[in-house]
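S.K.: The Fe cation binding site annotation in Swiss-Prot covers His177, Asp179, His234. Per Swiss-Prot, domain 'Fe2OG dioxygenase' is recorded for 153-253.
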Amino acid sequence: MEAFPVIDMEKLNGEERAPTMEKIKDACENWGFFELVNHGISHELMDTVERLTKEHYNKCMEQRFKEMVATKGLEAVQSEINDLDWESTFFLRHLPVSNISEIPDLEQDHRKAMKEFAEKLEKLAEQLLDLLCENVGLEKGYLKKAFYGSKGPTFGTKVSNYPPCPRPELIKGLRAHTDAGGIILLFQDNKVSGLQLLKDGEWIDVPPMKHSIVINIGDQLEVITNGKYKSVMHRVIAQPDGNRMSIASFYNPGSDAVMYPAPALVDKEEDQQKQVYPKFVFEDYMKLYAGLKFQAKEPRFEAMKAMENAVNLGPIATI
């Protein structure tokens with residue numbers, strides 16, 4: 001079994017830049033995931049974010065989760081549950097407008113730490129997008145511009161805790177899915193594992209590493225690269241012991257950004273491979289995704305292509 005790709009970002013600044021870029025390229029094409037170390041975000045900040053997030057769960061979220069479990073009778077389930085996940089979550093929005101000040105129950109130091117962490121992640125996401133541009137042969141800044149829309153990209157964070165589960169064989173922490181958006185940056189618990197990705201028909205553990213950031217490719221990067229980079233199915237396995245923390249930040253296109261394969265990449269393709277993916281508004285894709293998240297991505301792309309064809313075949317407006 002190949003080793004899970006771990007990228008040391010410090011190596012991008014010296015003689016090992018070329019093999020490191022090749023490793024990123026291989027990860028994007030064949031894994032859809034890679035793990036970053038020496039990414040420039042201070043360990044002290046990450047430790048603070050982790051401590052405050054776990055304290056917040058214990059103080060404000062744990063009892064609510066236990067009440068939900070009791071209400072739904074989940075501790076006594078005898079058959080597989082396919083319509084919910086064993087997770088406790090809340091969401092933060094950073095771009096286009098932050099809502100961190102509006103989230104109830106967050107201590108002021110937690111708000112401050114999450115805001116600083118999000119700012120660092122935003123810069124890291126944009127740095128990574130330029131590395132992906134370089135690897136695939138697009139001009140620097142292309143992916144950021146493609147995500148822009150009229151108000152810039154959207155950027156938000158899903159803060160999750162996965163408590164100990166009495167029946168992990170019957171309930172997933174998070175059911176298998178691909179991510180709808182652009183590039184995802186995950187700060188995960190380094191003690192309790194659970195994240196897995198699907199590669200060559202097998203579920204592979206994403207290894208928990210202290211102070212690393214796990215990166216994965218969303219559906220929109222697959223579209224823009226015309227399939228060169230792949231979003232892959234992943235899931236979270238609930239665990240009988242330990243509470244797993246997950247802070248996933250999603251750097252996505254703006255809601256009105258128009259997604260389509262980069263012409264520079266399409267032009268290089270053989271005729272039959274010219275444009276495999278449709279052209280659509282990101283918000284329309286998200287509406288479709290909301291109901292089909294836990295299904296394969298290909299029917300979503302086909303549905304968007306059908307919508308595109310319907311628009312193209314429609315009457316021409318005259319004024």
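The backbone N, Cα and C atoms fix where each Cβ goes, and this holds for glycine too.
How buried are the listed features, and what sits near them?
M.R.: Under DSSP, His177 (Fe cation binding site) is assigned to a strand (E or B) in the three-state scheme. Note: His177 (Fe cation binding site) has non-local neighbours Met233, His234, Arg235, Lys293, Phe294, i.e. same-chain residues 6+ apart with C-beta under 8 A of its own C-beta.
With DSSP classes pooled into helix, strand and coil, the tally for the domain 'Fe2OG dioxygenase' (153-253) is 6 helix, 45 strand, 50 coil.
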S.K.: Which chain neighbours of the Fe cation site, leaving out His177, Asp179, His234, have a Cβ atom within 8 Å of the mean position of the site's Cβ atoms?
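M.R.: These residues sit around the Fe cation site: Ala176, Thr178, Asn216, Ser231, Val232, Met233, Arg235.
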